[in-house]
Structures are given as C-alpha cells and as structure tokens.
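Take a look at the structure set out below.
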Amino acid sequence: MAAAFEASGALAAVATAMPAEHVAVQVPAPEPTPGPVRILRTAQDLSSPRTRTGDVLLAEPADFESLLLSRPVLEGLRAAGFERPSPVQLKAIPLGRCGLDLIVQAKSGTGKTCVFSTIALDSLVLENLSTQILILAPTREIAVQIHSVITAIGIKMEGLECHVFIGGTPLSQDKTRLKKCHIAVGSPGRIKQLIELDYLNPGSIRLFILDEADKLLEEGSFQEQINWIYSSLPASKQMLAVSATYPEFLANALTKYMRDPTFVRLNSSDPSLIGLKQYYKVVNSYPLAHKVFEEKTQHLQELFSRIPFNQALVFSNLHSRAQHLADILSSKGFPAECISGNMNQNQRLDAMAKLKHFHCRVLISTDLTSRGIDAEKVNLVVNLDVPLDWETYMHRIGRAGRFGTLGLTVTYCCRGEEENMMMRIAQKCNINLLPLPDPIPSGLMEECVDWDVEVKAAVHTYGIASVPNQPLKKQIQKIERTLQIQKAHGDHMASSRNNSVSGLSVKSKNNTKQKLPVKSHSECGIIEKATSPKELGCDRQSEEQMKNSVQTPVENSTNSQHQVKEALPVSLPQIPCLSSFKIHQPYTLTFAELVEDYEHYIKEGLEKPVEIIRHYTGPGDQTVNPQNGFVRNKVIEQRVPVLASSSQSGDSESDSDSYSSRTSSQSKGNKSYLEGSSDNQLKDSESTPVDDRISLEQPPNGSDTPNPEKYQESPGIQMKTRLKEGASQRAKQSRRNLPRRSSFRLQTEAQEDDWYDCHREIRLSFSDTYQDYEEYWRAYYRAWQEYYAAASHSYYWNAQRHPSWMAAYHMNTIYLQEMMHSNQ
C-alpha cells in the first residue's frame with residue numbers, strides 16, 4: 001500500500017529526501033544538459049494546459065480591460081495571474097464599481113474573492129490615510145488569505161496599506177498598524193474590540209464587505225457582533241455580501257442591511273462544480289465509535305494507495321479525531337498535517353502555509369478550513385464524517401476543482417443514519433452522487449499530473465544549502481553508474497595485484513576523481529519537477545537501454561547484476577513521514593528553564609490573559625503579588641552569632657540539625673502556616689521533648705514550661721531552654737491582656753476577616769516571641785548551610801545540581817504540615 005502511494009507521489013511531484021548513503025556517491029561523468037525548467041502556474045491562469053470547465057469559461061472571450069478598471073489594478077491583476085475574468089467577475093465587478101449594494105452567489109473556486117478585492121482597490125483613495133474599507137471573514141485563515149489576494153492584486157499601487165486584524169496577535173501591533181491603513185481585513189471579534197478601544201475609527205468606512213456572509217449572519221454564530229459593527233458604521237456606505245451558498249431565510253435577512261440590493265446569482269439551482277466527481281462509500285456500523293473510525297481509516301489508506309493525487313483534504317467533525325488520524329497516517333508513511341480550532345494561531349498559520357506551498361500532501365482538518373480556503377493544488381477531498389448540513393458539504397467539496405479544474409470527492413458514511421443523511425444532501429443539492437467502485441480503479445482521477453507544479457521541501461532556517469535540482473532520471477542514472485564504477489574499480493584493484501590491468505579499470509579510476517559532497521536528507525531540500533506520463537515512459541525505456549549498454553566483460557557476473565537490481569528500489573525516491581523533515585536536537589533543560597517554559601505556556605500558549613500571583617523561588621524566598629490579596633513576605637537574613645557550641649555531642653548535634661532543617665523549611669517555605677493560628681503557635685512553642693527529640697507539631701504535655709533537667713547535655717541546649725522559657729512567659733502575659741480565640745474559629749471564618757484578625761493578634765501578642773524564636777532557628781539554619789558549604793559531600797552537591805529534588809522536598813513538607821494542621 002505504501003509503495004503504491006510512493007509511486008503516485010513520484011507522479012504528483014512530491015518533495016522527497018534521500019538518505020545520505022544513497023546521495024553521496026562518486027560521479028563518473030559530467031551531467032547532461034538539463035531540460036527546460038517548468039514554471040509554477042496558479043489555478044486562475046487560463047493559459048496553462050489544465051482542463052477548464054464552463055464554470056469559469058465564457059462563451060465569448062473577454063478581458064479585464066473591458067471592465068474599465070484603473071491602470072494599476074489592471075497591471076496588478078495581470079501580475080497575480082488573472083488574465084481573463086470568470087462569469088461572476090464579469091457580471092459583478094461593473095455593478096460594484098457603480099456603488100451598488102451587491103449580494104453575490106457563485107460556486108466555490110470561481111473567483112469571488114477577486115470580485116470584491118478588485119472593487120475595493122479600484123474605489124480606494126490612496127491620498128486618504130484613514131481606513132476606507134472594512135472586510136470581515138468568519139475565520140482567521142480566510143482573513144489572512146483575503147489579505148494576501150488584495151496585496152497581490154494591489155502590488156502596482158504605491159503606498160497601499162492593507163493589514164489583517166485577527167485574534168491571537170497583540171493589540172499594540174494592531175494599534176500601530178491602524179494609524180495608516182486603507183483596507184482592514186479581520187475577524188468580527190477582533191474588529192469589534194478595536195472599535196470599542198477607539199483604535200479603529202468606523203466613521204471613515206465607505207465600503208463594508210462580508211465574505212462567507214451566510215456563516216457570518218448565521219444565528220448563534222457571529223450575528224450579534226455583525227449587528228454591533230454594522231450599527232457603528234456610517235449610514236452612507238456601500239455593502240457587499242459574498243458566499244457560495246445562501247439559505248432562503250438569509251437572502252431575505254440581507255435586505256435589511258442593504259439599500260435596494262442587486263442579486264448576482266449564477267447557477268443557484270446547481271451549486272456543485274462541473275469538474276468534480278462525487279462518490280460515497282458505505283462502511284459497516286458498530287456500536288463503538290472507535291471501531292467505525294478504524295474501518296474508515298483503513299478505507300482511507302486504501303484510497304490513498306490506489307488514486308494518484310496532488311494534494312488531499314480530509315474533513316472530520318471532531319477535533320480529537322482529526323489529530324489522531326494525522327498521527328496514524330504519518331506513522332503509516334503518508335505525510336499528513338492537522339489543523340483545528342483548538343490549536344494556537346501560529347500552528348494554524350503554519351499548517352496553512354505548508355498546504356499552500358505544497359510542503360504536505362494530506363491535511364486533516366475540521367470545518368475550520370471548509371470555507372474560503374484556496375489551495376489550487378488540492379484535487380482530492382475526503383469526508384471522513386458526513387457533514388451536518390448541505391451548506392457545509394458544498395463548501396467542503398469546493399476545496400477541490402478550483403477555478404474550473406477537475407477533482408474528486410469521496411464521502412465515507414455508516415449504514416443507517418449517516419447514509420440517509422448523505423442521500424438527503426444529494427437530493428437537496430441536486431448532485432450526481434455515485435457509489436465508490438470496489439476495487440478502486442486506477443483511472444478514477446481524470447486529472448492528476450497533466451499540469452505543471454513545482455515542489456519544494458520545507459527547509460529549516462538553520463539548514464544547509466540544498467542539493468542542486470536534478471530530475472528523477474538523472475538520479476537513477478547516477479546510482480547505476482556509481483555501482484558499476486565501484487564494481488569495476490574493485491576488480492581493477494584485484495587485477496592490478498595480479499599484474500593484469502584492464503582498460504575499463506583505468507577509465508573508472510579516472511572517472512572516480514569527482515565526488516559529491518555528503519549531505520543528509522535533513523540538511524537538504526531536494527527539488528523535483530513533475531513529469532508527464534509520456535516522459536516517465538521514456539525514462540523507463542532509457543533506464544533499460546542504459547542497463548543493457550553499460551555492461552562490460554567485467555560485469556557479466558550474476559552477482560553484479562543482482563547488486564544493481566537490489567540497489568535500484570532502495571535508490572528510488574521515498575516519501576518519508578512528516579516527522580523526518582523536522583530536526584530534533586537533544587537538549588537538556590534545567591528545572592529553572594522548565595519552570596520558565598511552563599509559565600510562558602500558561603500565560604501565552606492558551607491565548608488567554610493569565611497573571612501569575614505567586615512565584616516559588618526556594619526555601620528562603622517566597623514572592624507574592626500584593627495586588628491579588630496577599631502580602632509580599634521575604635525573609636531578611638541578618639548576621640547573628642552562632643549559638644550552638646562546637647563541643648556538642650554527636651547525638652545532640654544530629655538532633656539539633658534535624659530539628660533545625662525541619663523548622664527552617666517551616667518558617668521560610670511555609671511562613672503563612674506559622675502565622676495562621678495563634679493557638680497552634682503557642683502549643684508548638686510550649687511542646688516538651690519526647691525520646692530526646694523536639695517537634696513543632698507535638699501538642700503540649702500538660703505544663704507550659706519544659707523540664708530543664710533533660711537539657712543538661714550541652715551549653716547549646718541550655719540556651720535553647722532559656723529562650724523557650726522566656727518566650728512562653730511573654731506569651732502568657734500577652735494572653736492575659738487579649739481575648740483568646742480558638743483555632744477552629746480562625747479556620748471557619750470568612751477569608752478576609754480571618755486573614756486580618758489572625759495577623760492582628762499575631763502582631764500584638766507574638767511580635768517579640770516570634771522574633772526571638774525566628775532568630776534562634778535562623779542561626780541554626782545558617783550554621784547548617786555554612787557546614788555543608790565547606791563540605792565536599794557528593795550527595796549535597798547533587799542536590800544543589802538538581803533543584804527539582806529540593807523543590808519536591810519543600811512542597812512535600814508544606815503538604816504534610818497542612819494535613820497535620822487540619823487534623824489538629
């Protein structure tokens with residue numbers, strides 16, 4: 001299956017990349033003179049040899065000069081590839097230039113974008129720098145495409161300023177562009193926002209255009225935003241509404257926005273394109289949705305392997321299913337991209353650029369690209385799911401057969417409900433829907449490679465220069481000649497040792513002096529040109545003649561022939577999956593870089609305004625934004641003499657170190673906990689030791705003063721006892737003067753009252769106690785840091801090298817403290 005797809009990809013001039021071991025070979029002779037270079041032609045170029053239908057051809061030939069357009073617009077149309085107008089262009093452009101309100105309906109891909117672009121450019125006053133024309137589109141991709149068409153046609157108009165305003169871009173950039181903008185193209189949401197912020201002045205708008213008007217004015221879609229924008233525009237303006245489909249209710253509703261509108265409707269009873277063959281395939285229905293998806297995917301792979309095509313669009317009704325299908329096709333050897341509404345703006349624009357520049361063969365999409373997207377190389381459209389309405393179906397299949405060309409559409413539907421829905425759509429649109437033949441014949445696609453395309457592989461910005469342009473025939477000849485020369489050269493070396501040198505070996509030695517530099521396929525973009533079937537047949541004949549003519553007495557052995565036959569399939573162009581075009585460089589991130597990347601994704605990746613109110617930077621620094629209801633707490637370390645004596649015993653030193661490490665993490669990593677409950681703080685300061693260990697979480701053991709007899713082991717512990725006794729006495733005095741509040745009440749009050757009352761009591765009753773208590777344990781923490789700073793313990797340095805371990809330790813400490821706090 002994949003091999004057949006690769007063969008069709010070679011016919012459709014897919015961008016291919018060959019491994020380095022097959023490219024870096026010895027060249028025996030100079031290359032022959034290359035043939036004429038084919039020119040890339042656009043879909044609207046009627047002079048190309050592509051087949052055209054009556055959708056774009058006129059009974060009597062006409063040109064744009066007969067429309068009395070300005071000279072810069074005529075030159076721009078010619079430069080953009082528009083040589084002769086289509087029927088809708090010939091009828092609508094003169095009416096629009098007269099200032100009439102128009103409702104234009106024509107088939108997909110017949111030049112409707114060129115209609116309003118030409119009208120807009122011809123009515124523009126370049127000396128007036130204010131915004132004169134406003135164009136709205138339902139999706140960002142359509143807005144970007146309209147902007148590209150206007151700039152292409154207006155290339156000869158000096159000083160033209162046309163900008164696109166869509167979501168996902170900074171408002172500051174839009175504000176700067178609107179200072180000098182003749183034509184504003186955008187989505188309804190962003191345009192409304194710009195008007196509300198007074199960045200866009202609607203009073204200067206003279207022409208208001210709705211592209212895909214049926215979608216913009218659909219109830220529950222953009223109707224409220226369109227009404228708001230329309231009400232802010234001046235009354236004396238011209239309005240154009242353009243679309244391929246118009247439901248009956250919408251045609252009547254549009255008259256409310258316009259003054260005596262003129263209808264330009266071509267083939268309203270037959271909206272399907274003449275050059276499109278429409279097929280459907282009924283698949284088995286299963287209770288589980290993933291079983292249906294698997295069967296449709298298998299049929300899709302079979303379709304790709306049997307039908308040669310230039311590019312294909314596959315539509316799905318679900319976002320998740322589209323991404324999953326793209327992954328499956330890429331893993332099977334079919335290069336596929338995905339685009340959907342849940343992707344960010346950069347990813348969506350990148351996928352569209354790859355489709356239009358022929359950097360991907362298959363694009364899996366939702367209905368995001370079903371309207372207005374113009375990719376002239378697409379000649380196959382597949383509906384993996386039946387669309388929900390007939391308008392969506394007509395817009396989907398309109399992505400193929402652009403500007404009167406030929407194309408093919410296939411719709412997969414399950415037996416039962418989906419099949420009945422597809423039949424209703426066919427009856428509503430009056431289309432000739434045929435069942436897909438089984439097996440699929442090879443000649444189902446009438447037009448596959450009978451027009452010229454130029455394909456370029458995606459080149460990375462950090463890549464190296466690409467390989468020179470070489471046709472497929474020359475590459476095969478190079479590979480064969482190289483294998484023959486290598487074989488002859490090996491025989492020559494063997495014969496030279498036996499003092500028998502043949503003429504062929506001498507010739508091969510002279511020819512092997514030229515070498516091709518080694519380049520991998522990831523560093524090179526190999527450019528291929530499409531050839532006609534006749535040329536491919538000539539190539540095969542020339543290959544066979546070359547095989548018969550280059551055989552020498554040295555190469556008559558069966559081993560050499562077998563080697564050439566085995567090397568040929570490997571040397572043929574392969575179609576790698578899309579991931580092979582991307583260079584994945586190994587890179588190790590630190591914990592700080594991971595945190596920075598995560599915060600960048602949270603703030604910008606989701607396209608939502610997100611403000612980070614708390615930054616955790618370590619055990620000694622907790623930075624909080626005071627504007628969000630918190631207080632910026634930062635431990636200010638002061639130099640205090642070390643209280644612990646160096647003559648402490650090993651057991652007491654270990655106890656003090658373990659206690660100090662726990663307390664330092666509590667006082668610095670979770671300072672709010674130490675200040676949260678006055679009762680718990682009193683109990684922690686008055687706790688008695690158990691088994692020669694001290695713990696802040698232990699409840700009081702009956703008395704408020706600790707037993708001094710258990711602390712006679714070292715002077716450091718005596719100092720600790722005196723500090724704790726003084727702290728408890730001051731706490732008793734403060735408790736007699738102030739009303740006592742229970743910890744349970746502090747936890748159950750409202751958040752603001754709890755925060756202010758709790759901190760007011762702490763400041764009044766424990767200011768001195770907490771200061772001495774904090775200074776004491778800060779000295780222990782400083783001593784612990786100074787001790788390990790001078791040590792060369794590998795575990796400590798590993799902990800410093802991997803701060804994620806320390807972060808996990810502190811987070812776990814806070815979590816345990818909160819659990820114990822709630823239990824108390």
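Note: Cβ is positioned from N, Cα and C throughout, glycine not excepted.
Look at Swiss-Prot and you will find R84, Q89, G109, T110, G111, K112, T113, C114 tagged as ATP binding site. Among the features that Swiss-Prot reports, compositional bias 'Basic and acidic residues' is placed at 536-546, 681-695. Marked as domain 'Helicase ATP-binding' by Swiss-Prot: 93-264. The domain 'Helicase C-terminal' annotation in Swiss-Prot covers 299-448. Annotation source Swiss-Prot lists region 'SMN interacting' at 456-548. Positions annotated as region 'Disordered' by Swiss-Prot: 488-520, 535-559, 642-745.
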C114 (ATP binding site) in three-state DSSP notation: helix
Compare all C-alpha positions of R84, Q89, G109, T110, G111, K112, T113, C114, the record's ATP binders, and send over the largest distance in angstrom. 15
When neighbour density is defined as the number of other C-beta atoms within 10 angstroms of a residue's C-beta, which of the binding-site residues R84, K112 has the lowest density? R84
In three-state DSSP terms, Q89 (ATP binding site) is classed as helix
Once the chains shown are all counted, how many other Cβ atoms turn up within 10 Å of the Cβ of T110 (ATP binding site)? 25
Let's see if you can do this one: DSSP helix, strand and coil counts over the domain 'Helicase C-terminal' (299-448), in that order. 63 helix, 30 strand, 57 coil
Over the domain 'Helicase ATP-binding' (93-264) the mean pLDDT stands at 90
So C114 (ATP binding site), by the Cβ count within 10 Å over all chains shown, scores 25
If you count Cβ atoms within 10 Å of the Cβ of G109 (ATP binding site), leaving out that atom itself, what do you get? 28
